[in-house]
Amino acid sequence: MKRKLDANDVPSPEAADDSVKNDVDNLDFESLNLDPRLRQALVKEKFTKPTLVQAKAIPLALEGKDILARAKTGSGKTAAYVLPILQTILQKKANDPSLKATTGLILVPTRELAEQVQNVITTFAAFCGKDVRSVNLTQKVSDAVQRTMLADYPDLIVSTPSRVIANLGSSALSLENLTHLVIDEADLVLSYGYDEDINALAKAIPRGVQTFLMSATLTAEVDTLKGLFCRSPVILKLEDKDDQGSGVSQFVVKCAEDEKFLLTYVIFKLQLIKGKVIIFVGDVDRCYRVKLFLEQFGIKSCVLNSELPVNSRLHVVQEFNKGVYDIIIAADEQEVMGARKSKKSKEAEENDAGEAAGSSDEDEGEAQKPSTTRSDKPSEKRRKTAGKDKDYGISRGIDFQNVACVLNFDLPTTSKSYTHRIGRTGRAGKTGMALSFVVPADQFGKHKPTSFPTAKHDETVLAKITKRQAKLGHEVKPYHFEMKQVDAFRYRMTDALRSITRLAVQEARAREIRQELIKSEKLKRHFEENPEELRQLRHDDELRSARIQPHLKHIPDYLMPSKGKKGISSENVGYVGFRKTSENRIRKAREKNRGKGKGRNYAGVKKVDPLKTFNRGRK
């Protein structure tokens, strides 16, 4: 079709955008010519229309083209590469039913994301019988078991780069027949310290492999991966309505360090936020401090702890998605506690042209400020990170469903991390809210028990967050609490915080790890042979993580604001006794010892009358 020329004899711009959008809106999975078994699985999962990234990427993938796609996490990127790969595998099996070869490799940065991708593959291959076999190499199984799993040549492998290299080195895995390579969350793979593994993998992969690079941002790491694996890829910079973040309302509250706990208590106890909430904090200790604090008021929550096994963490996410818990507390340690980053990432961390998101120098400064304080104590950093799962990550990739609010209890150290955190809510066209606590510089360090080092730079980081969000067309608005009404709850917050000591936090962490040891399948036989060790793990009654005060669970009417009384019905308030449910341990011990003759209560000692008894008093 010919286009009209303007006054300068230049063709007028094509009005293709609207037509493309209309084509995407009218497109359905039937028109993609997928295998009937895949369409049946899509119908079962109630997938009616493809998302923007699926509508764009799937036809290109079926044509055999390399794809570099930038789309928001939660936009359907996983299905965009899983469906074409499954389609290709089914076509090959139709031509040669006896074919046994590993043709697809999916690389992800974290174990949680690997499990999530594996579940998606299982869902879409539900009606394919034995024609499609996939293996997740990040599972905690022995090398011998993994070798057995790989000996049957599964069609698809989901793994982190380090596990692939380990199995290539032991000759358990062969990539000779590989036809599809996917690197999901490509901008994170190098940031998580997989540089050497990726370079080794680039040499092991045969030429002509179709490559998918899926990423939320186009950074220096993505350019590096594109140079290693892609052949003139089709670049998709997809800006859906959801990608603009229009559904997320962003608010910030400036408060003192102890007021973070006070406001958190008021928010959840008065039910100011309805629905599921993710609370992001600075580290694991902080997770348990917040959890124990909420427990004082009868508010249930769960902790996503990087020290626990991957299956336990996945179970926590599943329980949260099912609605068992409405509050999940997480420490995004890869970003907050200092993830290993490549030089290119540090130099151009925010040079994402598609997002127009500020200069790299800004975020470099953001990342360096907290790190300078940590670098003064290298031994402490090594001790803290020891035992943490390298493949752990929370703010990216994990599919948290129906999150109403993201609460940044501790502000992240970079604006990029902030963007990824708030991306957990307002997904798939839904609305959401992000609320961040910011400690002013003059308030930092005034309440030592609740202080956190990175809060020193909160105002600087907030300025950069505001600037970045403004460039993206979003506004970070101030949120004001009526402090006169909030202050009425302060004494209850103080009572609760007083019982949550550093020792209580350590005991809570130790107890959860002991519970995981008891649940461990691998240790069951060991405990059967050594029942005494199991008994020691279970009998931990003396470890009281925090003194529970039952009266804190109930809010008296005189404390309730007039508007708050309507929000909480009397049906939700259970019986709360005004007497202590357990005796005073110290008083009970004194009485017991007094009966045994241990210690003397001089005020209560009766004088011995020698005329009434033959027992002489002690000289």
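Keep in mind that glycine also has a Cβ here, set from the backbone N, Cα and C atoms.
The annotation region 'Disordered' is assigned in Swiss-Prot to 1-22 (among others).
Annotation source Swiss-Prot lists motif 'Q motif' at 27-55. Helix, strand and coil content of the motif 'Q motif' (27-55), in residues and according to DSSP, is 17 helix, 0 strand, 12 coil.
Here Swiss-Prot flags 58-236 as domain 'Helicase ATP-binding'.
Lys72 (ATP binding site) carries neither a helix nor a strand DSSP state and counts as coil. The Cβ neighbour count for Lys72 (ATP binding site), using a 10 Å radius over every protein chain in view, is 22. Per Swiss-Prot, ATP binding site is recorded for Ala71, Lys72, Thr73, Gly74, Ser75, Gly76, Lys77, Thr78, and the stated evidence type is sequence analysis.
Proximity of distant same-chain residues to the motif 'DEAD box' (184-187), defined by a Cβ-Cβ separation under 8 Å and at least 6 residues beyond the stretch ends, is recorded for 73, 77-78, 81, 106-109, 113, 117, 213-219, 221-222, 225, 396-397. Per Swiss-Prot, the feature motif 'DEAD box' maps to 184-187.
Per Swiss-Prot, domain 'Helicase C-terminal' is recorded for 247-484.
What Swiss-Prot lists as region 'Disordered' is 340-391 (among others).
Sequence annotations record features per position, and here Swiss-Prot assigns region 'Disordered' to 586-619 (among others).
The annotation compositional bias 'Basic residues' is assigned in Swiss-Prot to 587-599.
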Averaged pLDDT, computed only over the residues in the domain 'Helicase C-terminal' (247-484): 75
For Lys77 (ATP binding site): DSSP state (helix, strand, coil): helix
Secondary structure composition of the motif 'DEAD box' (184-187) [DSSP: H/G/I, E/B, coil]: 2 helix, 0 strand, 2 coil
Listed binding-site residues (Ser75, Thr78), ranked by Cβ neighbours within 10 Å, top entry: Thr78
Sparsest-packed among the binding-site residues, when each Cβ's other Cβ atoms within 10 Å are tallied, from Ala71, Gly76, Lys77: Gly76
